[in-house]
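S.K.: Please find one structure pasted underneath; my questions will follow.
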Amino acid sequence: MNKGKIKQIIGSVMDISFESGNMPEIYNAVEIQTKVNGKDVTITAEVQQHIGDNTVRAISLQSTDGLKRGLEVTDTGIPISVPVGTKTLGRIFNVLGEAIDELGDLPKDVKKMPIHRNAPTYEEIKPKTEIFETGIKVIDLLAPYIKGGKTGLFGGAGVGKTVLIQELINNIAKQHGGFSVFAGVGERTREGNDLWNEMKESGVIDKTVLCFGQMNEPPGARLRVALSALTMAENFRDESGSDILLFVDNIFRFSQAGSEVSALLGRMPSAVGYQPTLSTEMGGLQERITSTTRGSITSVQAIYVPADDLTDPAPATAFTHLDATTVLSRAISEKGIYPAVDPLDSTSRIMNPQIVGEEHYSTAREVQRILQRYKDLQDIIAILGMDELSEDDKILVARARRLEKFLSQPFHVAEQFTGRPGKYVKLEDTIRSFKGIIEGKYDSLPEQAFYMVGSIDEVIEAAKQLKG
């Protein structure tokens with residue numbers, strides 16, 4: 001193994017000199033043994049640049065506390081490698097693939113894979129576009145996810161992002177028999193801890209791998225943790241041939257960490273202070289999230305929009321890769337309608353009659369038309385009251401209120417809060433139910449019967465109980 005010495009340390013960036021002809025390759029992991037508070041620790045860094053004079057510039061993936069000039073550095077000869085396979089299920093890892101859940105070390109024979117690899121070739125990519133059924137009515141009908149596609153999840157604090165993510169993990173585990181990988185990129189440690197505890201309570205932890213690079217960690221760790229999680233997901237896809245769900249929360253922090261690393265490496269900043277390699281870094285991550293002939297990775301990415309400016313380079317770069325957007329609205333959550341997905345703001349690339357079929361397309365568009373008209377009439381209703389509306393508009397408003405309530409759904413992972421058993425609604429049942437409502441077949445049923453149910457059959461049953 002090549003040995004080198006630290007020449008300079010600035011924050012989490014270090015320059016390391018090696019002997020001529022024994023230089024480590026770009027992206028190789030290098031290790032430094034040192035003592036911190038009397039304990040032996042190994043600090044890992046990643047080679048980023050060859051700066052001449054037999055010297056490399058590396059970015060540390062851990063705190064550089066305790067490091068000093070002259071310390072010996074070992075080139076591992078390979079990039080950062082993380083454990084993969086079924087032995088990782090139910091565990092929490094850091095960027096280096098070390099278990100951080102205090103449940104003991106992984107077996108010695110666990111397979112490891114490097115986090116840097118090429119995206120699938122054109123021959124390996126599966127070109128067919130299929131709907132990814134989530135069992136959540138509002139998503140499947142109005143902004144369907146794509147198998148092997150990428151969805152952006154927009155939402156503020158407390159509108160239900162985490163619960164929606166948990167329900168998707170639960171549904172894919174039970175209905176599709178697949179695994180989920182969660183990448184916490186620049187996450188609050190408390191949120192990661194809450195998610196782990198909630199997953200244990202709801203019973204989905206055994207089908208999930210969690211990978212965290214927290215807010216308090218150096219930018220190198222936050223930049224690479226998404227790749228660590230993606231590598232685990234790729235192995236599940238390629239080895240088990242199943243549909244994998246990859247959650248990234250938050251993709252903005254990935255770009256933010258890249259910006260910090262870029263500045264530390266001395267690159268000239270680009271627009272709004274972001275790194276000049278922003279598009280390349282985002283593309284390198286996103287292009288690996290895809291369907292191949294062996295299986296698919298479907299990704300749901302939470303996206304923070306700085307100052308609500310959608311033209312900011314970080315979210316704007318992410319948008320170009322998204323196939324669907326799910327917008328969570330505080331106004332809808334205040335009405336007690338969960339999931340609080342905005343039916344008019346959420347979009348999907350496959351909302352096309354040639355892909356989803358004419359019946360699905362026309363039903364979804366009519367639902368949106370009715371809800372949009374109801375939104376337009378809100379001011380008139382608030383000022384003049386319902387009596388001033390035309391007969392057609394009165395019928396439309398009544399129908400819209402039923403649709404709005406019917407877009408709510410009890411979740412399996414929220415059973416302990418709501419007291420209602422969770423519902424998974426198949427796509428054909430969703431289309432049939434909404435088609436019946438927009439055609440006026442259920443105008444006579446009370447509004448309350450449409451709230452927090454699965455398919456239309458449950459509405460009819462609830463209406464009987466309300467009347468009885």
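Positions of Cβ are set from backbone N, Cα and C atoms, glycine also.
Here Swiss-Prot flags G155, G156, A157, G158, V159, G160, K161, T162 as ATP binding site.
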S.K.: Note down the number of other Cβ atoms within 10 Å of the Cβ of T162 (ATP binding site), including every protein chain shown.
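M.R.: Summing over all protein chains shown, T162 (ATP binding site) has 17 other Cβ atoms within 10 Å.
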S.K.: Other than G155, G156, A157, G158, V159, G160, K161, T162, which residues of the chain come within 8 Å of the ATP site, judged by Cβ distance to the Cβ centroid of those residues?
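M.R.: For the ATP site the neighbour list reads L328, S333, A340.
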S.K.: Please identify which of G155, G158 has the densest Cβ environment, defined as other Cβ atoms within 10 Å, among these binding-site residues.
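M.R.: It comes out as G155.
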S.K.: Taking the Cβ of V159 (ATP binding site) as centre, how many other Cβ atoms lie within 10 Å?
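M.R.: Around the Cβ of V159 (ATP binding site), 23 other Cβ atoms lie within 10 Å.
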S.K.: Over all shown protein chains, what is the count of other CB atoms within 10 A of the CB belonging to A157 (ATP binding site)?
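M.R.: A count of 6.
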S.K.: If you count other Cβ atoms within 10 Å of each one's Cβ, which of the binding-site residues G156, G160 has the most?
M.R.: G160
